[in-house]
Structures are given as structure tokens and as C-alpha cells.
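Record features (TrEMBL):
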DOMAIN    87-267  domain 'Phosphatase 2A Regulatory Subunit A helical'
REPEAT    12-50  repeat 'HEAT'
REPEAT    166-204  repeat 'HEAT'
REPEAT    205-243  repeat 'HEAT'
REPEAT    244-282  repeat 'HEAT'
REPEAT    283-320  repeat 'HEAT'
REPEAT    326-364  repeat 'HEAT'
REPEAT    365-403  repeat 'HEAT'
REPEAT    404-442  repeat 'HEAT'
REPEAT    521-559  repeat 'HEAT'
REPEAT    560-590  repeat 'HEAT'
Amino acid sequence: MADQKSDDSLYPIAVLIDELKNEDIQLRLNSIKKLSTIALALGEERTRTELVPFLTETIYDEDEVLLALAEQLGTFTHLVGGPDYAMYLIPPLESLATVEETVVRDKAVESLRNVAAQHSAHDLEVHVIPTLQRLVSGEWFTSRTSACGLFSVCYPRVPASVKAELRNLFRQLCQDETPMVRRAAAGKLGEFAKVVEVEFLKSDLIPMFVQLAQDDQDSVRLLAVEACVSIAQLLQQEDVETLVMPTLRQCASDSSWRVRYVVAEKFVDLQKAVGPEITKTDLVPAFQYLLKDTEAEVRASAATKVKDFCANLDPTNREQIIMTSILPYIKELVSDANQHVKSALASVIMGLSPIFGRNNTIEHLLPLFLTQLTDEWPEVRLNIISTLDCINDVIGIQQLSQSLLPAIVELAEDSKWRVRLAIIEYMPLLAGQLGQDYFNQKLRDLCFNWLNDHVYAIREAATLNMKKIVQTFGTQWAETNIIPQILVMCKNNNYLHRMTCLFCINALADVVGADVIKRLFLPTIKTLSTDPVANVRFNVAKTLSKISAFLDTATTEAEVKPILEQLNTDADVDVKYFASEAISTIAASA
């Protein structure tokens with residue numbers, strides 16, 4: 001009887017193991033994803049002695065299955081008996097780390113790192129280090145590239161003699177004849193540098209860094225630039241100057257635009273790593289070089305770093321450096337021939353205002369903002385508009401309205417709807433700062449034009465815009481200045497405008513109060529309840545459902561329900577549905 005129970009408990013495991021051998025890839029994949037279930041059922045010892053060897057033998061499968069297996073094994077330590085038995089997971093993961101498909105190898109290395117970290121120092125030396133040595137001396141480049149990811153996990157926990165060997169093995173990979181291996185080594189050099197003692201960083205790793213930064217493959221050189229940030233953070237200022245800067249200067253003027261692009265991408269990180277003095281003497285000229293690079297991609301990347309680079313300059317001489325060394329290059333970029341460069345600059349240039357201060361912003365930056373606000377490319381205009389609030393805090397609304405408002409008003413009718421949308425989203429802030437009188441004179445008509453826009457997204461944003469402006473100026477102002485014009489739309493021949501009237505009522509109901517709803521909105525809604533277009537009528541039902549929450553019971557009974565009951569007998573099925581829904585909502589909240 002006991003034997004039968006044992007057989008019964010192992011039956012599903014037999015099925016799952018059969019699935020691992022099945023021809024159907026989906027069945028194999030599902031089985032791999034259930035590996036933890038199999039392991040739990042088998043128990044720790046059988047998992048170590050039967051399941052793991054079985055998996056090691058079957059590592060010849062579709063990449064998708066191998067990827068799932070590599071991921072599962074990384075979380076398997078507790079299923080084989082905990083850290084004391086983690087070494088049982090090394091063989092299958094070592095095999096997976098040598099396969100051809102990159103994503104499988106990367107996942108296997110990630111799992112190997114997890115498993116290696118759970119080994120005791122002794123087990124690490126006995127089981128993981130030999131694995132690393134085998135991967136480094138592997139015949140195929142795949143194993144050697146995988147080896148690069150294991151150094152930083154092993155190095156801190158091994159004796160000095162083994163550390164010396166690991167540094168030599170890493171040097172071997174940096175000098176490998178295969179570019180893919182050198183690329184992997186360059187990619188992991190930064191994280192390895194963080195765990196190596198400073199004396200060996202200077203004597204062993206920096207020569208490797210210099211060598212990789214001069215590699216004949218640009219894909220290797222650009223990864224060396226990324227390592228440069230990590231290395232510079234670990235060294236004293238004088239060591240950075242002598243050991244790192246010569247190579248960095250060389251990378252900033254590299255013959256490959258890809259390398260210069262990575263330098264531009266990492267520039268602010270490099271600036272923070274090297275400190276203010278080296279920034280002033282070395283990085284400012286390098287930044288100028290990148291801002292006028294021959295390749296648009298490099299100029300665009302450098303342009304996005306302008307604000308952060310200026311913000312991180314030493315405050316004692318920041319203004320002088322910006323005015324003499326950076327501003328002339330920014331002025332050139334504003335009229336760059338490439339739209340992506342101008343767009344990149346437009347996304348950050350407004351952020352320079354707080355750094356420049358009020359006077360310098362008015363004198364130097366405002367003309368550039370105006371140029372970009374009227375640029376031929378919509379993305380440039382859009383990026384400038386989206387960051388207008390940065391400048392407002394610096395120069396004040398009076399100066400803003402005099403200098404930029406005419407251009408903003410012009411953009412409110414821009415041919416590109418996304419530009420119009422950005423202006424709408426900025427309008428409530430502008431209205432609040434300009435005040436009622438200025439808004440009534442210059443901006444109110446624009447807001448009404450948006451309500452009649454041919455793009456739905458603009459009409460929708462315009463109704464929300466009206467709500468925010470009413471919140472700013474109050475109900476009394478709204479009653480005089482905007483509600484009459486909104487209600488007039490219910491008589492428009494175009495049904496879309498009549499719908500917009502309802503959308504506005506919906507939005508404004510939240511902010512105007514019960515009196516305005518009852519006195520001004522309800523008569524208009526009643527008129528629209530007999531509209532010839534079904535879309536308008538069912539939106540009447542939806543609007544009544546919303547506004548009933550703001551009305552007293554007597555008004556709801558006397559004025560709202562009769563309209564809904566009439567709509568509930570409508571010939572159109574959608575109108576009847578929404579009327580019925582509204583009646584149910586009102587009844588539920590009564």
C-alpha cells in the first residue's frame with residue numbers, strides 16, 4: 001500500500017520528465033517552468049542526484065527552452081539543499097553559459113552570479129573558480145565572453161594568490177583575439193574595477209583600460225568609455241589626471257562617431273567623477289568639441305546634457321565658464337541644420353534659466369527661446385512649450401507676456417495638433433499668473449476656438465482647460481465670461497459642437513455649484529434631449545447621471561427624471577441603454 005502511494009506521488013513527476021523529452025516545444029517550455037514543482041516533489045537529494053544531472057544532459061534544445069532553464073536554475077539553491085549544495089547547480093549553468101544564443105548565455109551568467117554569491121568562501125574557491133578558469137580557456141568565444149561576468153562576484157572572496165590569477169585571466173580576456181570577447185571584457189571592466197584594490201587598479205586594470213580604449217574595434221572602445229566613469233570615481237584627483245584623462249581626451253576626439261556619442265552620453269557622469277578642477281581644464285574644451293561635432297547624433301546627445309553640465313559646474317566660476325565657453329555653442333545649436341539637434345536642445349534649454357539668473361536669461365536666452373518657438377519643426381516648438389514653467393519662475397510673468405506671449409498665441413493655432421495640445425495644457429497656469437483682465441483680452445477667444453477644433457483630443461483637452469480656468473477665476477467670473485458662450489454652442493448646426501457643449505457642462509459641473517447647474521445648465525440639457533442626433537441624446541443621459549449628484553432630490557424628481565424617462569423610450573438602442581443606466585445610478589444614490 002505504501003509502495004503504491006509512493007508511486008502515485010511520483011507519477012506527475014514522471015509525466016513532467018516525459019514532457020521535457022517531448023517533441024512539442026510548448027510542452028517542454030511548460031515543463032521547464034514547473035521545474036520547482038518537480039524539485040519539491042522529488043526532494044533535495046533526488047533533485048541533486050537525478051533531476052540536475054538529467055537537466056545537464058538535455059542542454060541541447062530550442063533557445064526559448066534554454067532561456068527558461070537558465071532562469072529557473074538561478075533560483076534553485078534552496079531546492080538542492082541550500083548554499084552547502086549550491087555547487088550542484090554549476091555544471092548545467094556552465095553548459096548554458098557556452099551556448100551560441102546571447103540572451104541564453106547572459107541569463108546563465110546572471111544565474112551563475114546568483115549561485116556563486118551563495119557559495120561559502122571555501123566552496124567558491126573549490127567549485128566556482130575552476131568553472132571560471134574553464135570558461136576563460138574555452139575553445140569557443142562564447143564561453144570566454146561569459147567568463148567576463150563572473151570576475152566581480154568571485155574576486156572579493158578569494159585569497160590574494162587567487163586574486164592575482166584572476167587579474168591575469170582578466171588581462172588575457174582583454175587581449176583576446178576575438179572582438180566579441182574583448183567587448184565583453186570592456187563591458188565588465190567597470191564593475192571589476194570596483195572590487196579590485198586601488199594599488200592593483202592602478203598597476204593592472206588601468207593598462208587594460210588604456211589598451212581597450214585604443215582597440216581597433218569601435219564597439220570595444222565605446223565600452224571602455226563606460227568603464228572610464230567607474231575607474232575615475234575610484235581614484236584620487238591627481239591619479240585621474242595622469243592615468244585616465246589622456247585616454248578620455250583621446251576618446252572625445254575618436255575617429256568613430258559612436259565612441260564620441262558614448263562620451264557625450266556619459267559626459268555628466270564623467271564630470272561628477274573627475275571633479276571641478278579637471279572639468280574646468282579638460283572637460284569644458286571636450287564639451288565644446290562635442291557640441292560642434294560633425295555628426296548630428298553626437299551634437300544632439302551633447303545638447304541634451306547642456307543643462308546638467310552647466311548645473312554641475314563649480315559655482316565660484318560657473319557664470320564665467322557658461323558665458324564665455326558654453327553660450328556661444330548653444331547659440332549655434334539653436335540654428336543647427338539638423339532638426340533632432342534643435343529638438344534635443346529645446347528639451348533642456350529652458351532649464352538653463354535658473355542657472356543663468358534673471359538678467360542673463362532676459363539678455364541671452366529669451367532671443368533663443370523665441371527663435372525655437374518659431375522653428376519650422378513642430379517637435380522643436382513642442383519641446384520649448386512643454387518647459388515654459390522653468391523660465392516663468394525666473395523672469396516673471398510680466399516679462400514673459402511681453403516677450404514670449406505673442407509667439408505662444410501664434411502657436412495656439414499651430415497646424416500640428418500636438419503643439420496646440422501643449423499650449424492648452426499650459427494655459428491654466430498662464431491664466432492664473434496673467435490675471436482675469438489680461439486673460440479676457442488676449443486668451444479667452446483662443447480657449448473658445450479650441451472647443452471647436454477639428455481634432456477630438458484638442459476639444460477634450462479644451463473642456464478640461466475650461467474647468468481649470470474656472471477653478472482659478474471662480475464661478476462668478478465664469479457666469480459672465482464663459483458659460484453664456486458655451487451654452488450658445490447647443491444651437492450650432494454641427495452636432496460635434498453640440499456634443500462639446502455637453503462635455504463642457506460635464507466638466508464644469510464639478511466646480512460651478514448646484515445653483516448654476518439648475519439655473520443655466522438644466523434648460524440647455526433639456527433642449528438637447530430632443531436633438532435629432534442619437535449621439536447627442538445619449539450624452540444627455542450620461543450628463544444627467546453626472547450632474548444629478550450635485551442637485552437636490554426635488555430638482556432631480558421634477559426636472560431630471562422626466563427627461564431620462566423620455567429618453568428611456570427612445571427609438572435608438574444606445575440612447576435607451578444610457579438612459580436606463582442613468583435612472584439606475586440615480587436610484588442607487590437616492
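Positions of Cβ are set from backbone N, Cα and C atoms, glycine also.
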Same-chain residues near the repeat 'HEAT' (404-442), Cβ under 8 Å, at least 6 residues beyond its ends:
366, 369-370, 373-374, 378, 381-382, 385-386, 388-389, 391-392, 397, 449-450, 453, 455, 457-458, 461-462, 465, 468-469, 471-473, 477, 481
Is it possible to list how many residues within the repeat 'HEAT' (404-442) are helical, extended or coil according to DSSP?
32 helix, 0 strand, 7 coil
With DSSP as the reference, give the number of residues of the repeat 'HEAT' (283-320) in helix, strand and coil.
27 helix, 0 strand, 11 coil
Within the repeat 'HEAT' (244-282), how many residues are helix, strand or coil going by DSSP?
33 helix, 0 strand, 6 coil
